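Asks: Sending over a structure as structure tokens; questions will come in a sec.
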Amino acid sequence: MSANTEGGRKRSWFSILTMTFLCLLWTVPTLGLLVSSFRPRIDIERNGWWTALFNFFDTTWTTSNYSNVLTQKDMAGSFVNSIVVAVPATILPIMFAAFAAYAFTFMSFRGKDVLFVLIVALMVVPIQAAFVPLLTLLGPDGLDINGEYLAVWILHTGFGMPLAIYTIRNYMSTLPRTVIESAKIDGATHFQTFWRLIVPMSVPVLAAFAILQFLWVWNDLLIALLFLGSGDKSTVIVNLASLLGTQGQGAELLTAGAFISMLVPLLVFFGLQRYFVRGLTAGAVKG
Amino acid sequence: MKQVSTKSEDSASVAEPPPPPAPRRGGRTYEEIEAVNSKQRKVKLAVGTVGLVVSLYVVVTVFQALALFADDIPRLLQGVIAVIAGVGGAALLFYFINMVVEGFPRRFSEGVIPYAFLLPAMLLIGVMLIYPTVQTINFSFADADSEVYVGLQNYIDVFQDPDFQESIFNNILWLIIVPAVTVVIGVVVAVLADNLSTNGEKISKSFIFVPMAISFVGAAAIWSLIYQYDPPGDTQTGLLNAIWVGLGNLVGASVEPVAWLSVSTFSLNDILLMVIVIWLQAGFSMILLSSAIKGVPEETIEAARIDGANEFQIFRQVVIPQIRGTMITVFITVLIMVLKIFDIVYVTTNGRDGTNVIANLFFQEIFRTGDNGIASAIVVILLIAVMPVLIYQVRHFRREETER
């Protein structure tokens, strides 16, 4: 059952049907959320979201879930919090990691292999292993920054470091060494070589890692919950997690809240998909 | 080195007839240049050190101020300040470190520069990862407040705790099912998509891939609409129960709706939670495997076809061996993720009805009992469980490096 298509590809009906089915299966859950988020509370409790979809023009549609979750549950504030957390926590690790990756790629020094193996190993270590001492270190008896953005910025920067160094170094080691050699002959210092040559040449991997790290920080629950709490500094994800526990009154806000939390990742995803895929393929393992 | 100065004189004399070239450097001896250089070095060393101290001081002060006056500064402004102070501070830090190192005698400086570039990153890794991990291992042998060593008592307590036994069992279940199924779905989707038209492939891959951008918490919200339970007699608003009850009516049997996430028979609720994670991760698996499959040389497939192999044999004996490496990569990535699975369990069942897992138990232990010893012991067990993967990763890396 196969025929050749334009590109000399074989088209099989089995593939077309199965893929259509799988695509539906993968889309229906999200579609349900989207439809539900625009339905009034009474309707949500009366029948399933698909009823609204099949009677599209006889259904009451409302945006009140969105306005309510933004104001009553302060999802608007959480949205700002998430941005304030995610942007520095994305840029800072890249900065530090790029310098380290440069050293690992273009310099030779004692202990290089041991240090890099350590970094490979640390990528696999679960971050939970660090939490108990860090709660003390950042808590009232230590630096006393627990509950501040600062704590989360530092943590994400530290935890993101091994993967960042690993990914960026892997890319840098594919850059032509002759360029660096000739820069050296021209009398450029390492600092100049790094900024004027290596950073511009590494933009693809820096962008790819930035997207990966941004999504990771934005979607993170554990660190935000432990070190930022569910008070007025809660991120959208922490806020959404507390909405998930709501029963009865206010349960309809969950769907709108969930969509708000997904908005930025989806935009990033569709806008920068190429970089995102490259980032995924480059640094597959994350501890 | 002397040659350099004579050479510059030579070139100066050759260039004599036309108007003299701009500033003349000629006439200096080697010693004079060295003297100037060493003077420059001293300046660099001094300026660099001062700059390093000042910029460190400024950055620390800015961040301290941010923490102190957090409630008085608008949130967005805090973020902007953090980015400027953090990135600018880091740039200045590296700039001055570099300057100091260049101020050292040349030979010494060449040896030190790598460490200067590594220092900030390694410091962060040391403080945020290595120190706390070692300390956790240490705490796991001490009491609840980490004051008195209690030997292996925490481990004995943990292993005798029925909650822990249940969590370990569930974690193993997750480990057996999720990575393997994710890899299989990835392969199947990649192969099927490969048989579609170019546009069909692109579009269908995007559909499977979208959940990759969604958080575990978001996914839990999405799937709560599917696993929703309404009492018997009510209209079922959850998709799964609507189908379940609808099918029951179709065959004429009266079927009760099910509270899916409470059914612990055959770990059904665990498996339903796994479905969510597989739904999230399939896109990742597919993307990696798809590019691996496209990398399989056409000649090898053609050769097998000429030998009379059917499509299934070709796939099993020609394609699979060539994408095995990628399959292992995907498998291990998902394995590591599953080993410390937390979010999805925390927000859906919070470990009720026999669904607890180690990472969630750890979280409960921190907050419920605040027992550092027990919590640390649980994490150390997790750490030990990761060891085989860690060793594999390091070996794999070593092998790749030698092939480079």
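Backbone N, Cα and C atoms are what each Cβ position is placed from, and that goes for glycine too.
TrEMBL feature annotations, pasted as is:
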type	residues	note
DOMAIN	A:79-272	domain 'ABC transmembrane type-1'
TRANSMEM	A:12-35	transmembrane segment
TRANSMEM	A:79-102	transmembrane segment
TRANSMEM	A:114-138	transmembrane segment
TRANSMEM	A:150-168	transmembrane segment
TRANSMEM	A:194-216	transmembrane segment
TRANSMEM	A:253-272	transmembrane segment
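Map the listed features onto the structure and describe their local environment.
Replies: For the transmembrane segment (A:114-138), the residues of the chain that approach it from at least six positions outside its boundaries are 104, 144-146, 151, 154-155, 159, 162-163, 165-166, 169, 222-223, 226-227, 285-287, judged by C-beta separation under 8 angstroms.
Within its own chain, the transmembrane segment (A:150-168) is flanked in space by residues 85, 88-89, 92-94, 96-98, 100-101, 104, 119-120, 122-123, 127, 130, 134, 138, 202, 205-206, 208-209, 213, 216-217, 220, 223-224, 227-228, 279, 282-283, 285-287, which lie at least six positions past its ends and keep a Cβ under 8 Å from the stretch.
Residues 86-87, 89-91, 93-94, 97-99, 102, 106, 156, 160, 163-164, 167-168, 170-172, 175, 179-180, 183, 188, 265, 268-269, 272, 275-276, 278-280, 282-283, 286 of the same chain lie 6+ residues outside the transmembrane segment (A:194-216) yet bring a C-beta within less than 8 angstroms of a C-beta in it.
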